[in-house]
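Trainee: According to TrEMBL:
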type	residues	note
DOMAIN	115-395	domain 'Mediator complex subunit Med16 N-terminal'
DOMAIN	759-828	domain 'Mediator complex subunit 16 C-terminal'
REPEAT	68-99	repeat 'WD'
């Protein structure tokens with residue numbers, strides 16, 4: 001079963017009569033970016049088409065970045081690279097353009113490179129393979145080791161540089177049977193070469209590209225006639241004398257089964273879809289043959305078979321060690337019955353292992369992601385078929401009406417009688433975990449559908465949680481965006497998922513934990529936002545990410561006084577001494593440190609003041625709110641039992657105390673009721689007492705009454721800061737928990753008045769006249785900021801595009817967040833009026 005998550009409407013959509021012959025293309029990257037095309041008619045001259053590429057992140061689908069691509073013909077292919085940060089587009093004139101983000105902003109793109117095969121339309125396009133391939137083992141989903149669940153498969157890059165580093169580039173197949181390759185050299189230059197697929201060139205109507213583990217490329221091609229063979233070619237790319245060289249070789253071909261069946265011999269004359277099941281598997285191919293009235297789909301597999309020996313040689317004495325000669329031969333795996341006419345095909349991207357044991361476990365546990373491919377039909381329906389057997393796993397009936405049909409609600413014939421033209425999908429794409437499906441219909445509208453992990457089969461809650469946890473772990477290991485997994489998390493699942501995710505993370509080895517440390521915190525934060533009961537914990541996880549970043553940055557500034565120092569860095573010694581010394585007097589802890597290692601020049605210390613101020617404010621906020629942590633979970637609650645984070649805060653307080661002796665102006669500023677109040681001394685004493693209660697994570701203790709009493713007095717001694725430095729997300733994921741479809745329009749932010757009203761924690765609301773914060777620099781930007789700003793697509797963190805400070809230490813801090821936010825999300829430029 002599938003549900004519409006939202007329908008986006010392109011407000012400048014083309015006239016409906018233009019499109020039957022014009023292909024629409026869409027592509028969904030692993031970083032949650034969607035690219036799709038439209039061809040808009042010029043109202044004055046009907047012949048002119050403007051070929052547009054539109055890019056959105058699915059968390060803010062109304063914020064579309066539209067590019068006038070400059071292509072002179074209809075765009076036929078869109079391809080994201082493996083990192084999801086660059087996009088290839090190709091057209092019917094042989095032009096290929098490479099698009100990249102400007103200033104790492106998802107709503108700012110430019111074409112920097114390109115190649116061309118003049119006048120030769122591109123029918124297939126792909127980036128060269130980088131040699132990274134994972135296999136996801138459902139059989140091992142209960143294992144405690146991520147390395148067993150997601151194993152690295154031995155796979156060679158398409159082309160390697162010196163030292164085995166993969167060389168970047170792309171390849172394309174043209175309609176005249178030409179293969180063209182463009183290689184990106186490390187110095188930015190482009191090497192381009194073209195070669196015929198075979199000696200006798202012929203028309204190529206459809207083609208697809210796959211890769212082998214040995215570093216070769218396989219191209220499948222057909223001239224569009226189902227009675228003609230589907231040809232396969234091996235392509236080897238190399239660099240010889242600074243020139244690109246392409247070698248091609250003919251591989252075994254196949255004839256579609258439907259043309260050899262007497263009952264269907266001339267029923268489906270045209271091959272309309274040709275795709276390898278996955279880019280890393282050149283041994284399985286999907287073919288669809290169609291007529292004006294219907295289609296048939298076949299799945300073929302390449303197998304090694306023994307070559308039969310003639311009877312004359314049967315009685316010959318065998319030579320020792322001689323083996324039967326083997327040949328490669330295409331065999332049909334499965335085929336569908338006669339279907340309605342297919343308009344689009346989407347193949348799963350999840351690299352699920354298809355060994356017999358994995359398939360059996362997936363069948364037993366009803367784990368379906370990665371096993372189904374999607375077929376869209378001209379009646380507006382979508383069928384999910386098993387990728388090997390092609391039996392139906394799920395059906396979605398049409399979305400042209402405001403109340404989409406559900407499975408089994410009406411007979412198919414009754415549904416097809418509509419007033420207007422039938423809406424059907426021209427392009428379909430699965431997300432990276434195959435839990436969501438995006439499509440562009442023949443009226444230029446964008447549709448998003450959630451695909452159930454069990455394809456609508458009833459699951460007990462524990463099995464469903466285990467499936468979602470498995471996919472979250474996959475995203476955590478690969479670095480892919482987990483937005484599509486969140487579509488299936490209901491508010492009542494959040495707490496259990498966060499706890500189980502933490503348990504699985506803690507079972508990994510120390511090295512892997514260190515690599516994934518910030519990613520798991522960001523994942524917990526995005527999960528907690530889905531439920532009003534856990535929303536305050538999302539604040540804690542964001543604060544923890546900022547604390548870890550500030551701590552590592554400040555410690556990195558420390559330098560050993562002498563060159564011949566022991567192995568431990570000043571930061572490590574600081575952590576060790578603070579962990580051993582449980583004294584509540586900050587000055588006594590400071591005495592045990594080599595203060596000469598903490599010496600920095602005054603300008604550097606002063607430039608870090610806003611980060612130091614954040615640490616001071618956060619400690620004060622935590623302690624002042626300690627007595628309030630009762631029946632309602634409030635922001636800061638997660639830190640009360642987090643001994644590691646409290647220990648980090650304690651270390652930072654000691655460092656700040658030392659730096660305050662060098663440059664008093666860098667100290668955090670507190671508003672105290674008494675002139676002789678040593679605020680840092682007081683806060684460190686209370687923080688140490690709280691840390692002592694929770695430093696033993698296996699046996700945490702409740703804060704004692706005297707500590708709570710002292711924290712009760714804090715607001716009368718010091719002015720407690722507000723929580724304005726927390727980011728507020730304006731994304732759509734929190735609005736998609738219900739089963740009702742949303743209708744959106746590009747350029748118009750969507751809001752649901754009254755959604756969760758009264759249940760959201762008060763810190764998420766901002767009064768109209770409140771100060772706006774730069775969440776990364778910890779600076780106030782004023783009530784109506786005039787600076788250009790950018791916001792995180794995932795957590796809503798806002799920061800200025802340009803740095804107001806030019807000191808080295810601040811540049812070091814800001815360089816950390818050039819490409820990604822604290823949480824790993826991408827940046828998008830936001831207008832100054834709503835920043």
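Here the Cβ of each residue, glycine as well, is placed from N, Cα and C on the backbone.
Caution: TrEMBL annotation is automatic and unverified by curators.
Could you tell me the structural context for the features on the list?
Mentor: Mean pLDDT, taken over the domain 'Mediator complex subunit 16 C-terminal' (759-828), works out to 81 on the 0 to 100 scale.
Across the range of the repeat 'WD' (68-99), the DSSP-based residue counts are 0 helix, 18 strand, 14 coil.
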Trainee: Any residues 6+ beyond the ends of the repeat 'WD' (68-99) with a Cβ under 8 Å from its own?
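Mentor: Residues packing against the repeat 'WD' (68-99) from afar: 22-23, 25-33, 35-37, 39, 49-53, 55, 109-127, 130, 132, 168, 170, 172, 174, 180, 182, 480-481.
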Trainee: With DSSP, how much of the domain 'Mediator complex subunit 16 C-terminal' (759-828) is helix, how much strand and how much coil, in residues?
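Mentor: Looking at the domain 'Mediator complex subunit 16 C-terminal' (759-828) with DSSP, the answer is 11 helix, 16 strand, 43 coil.
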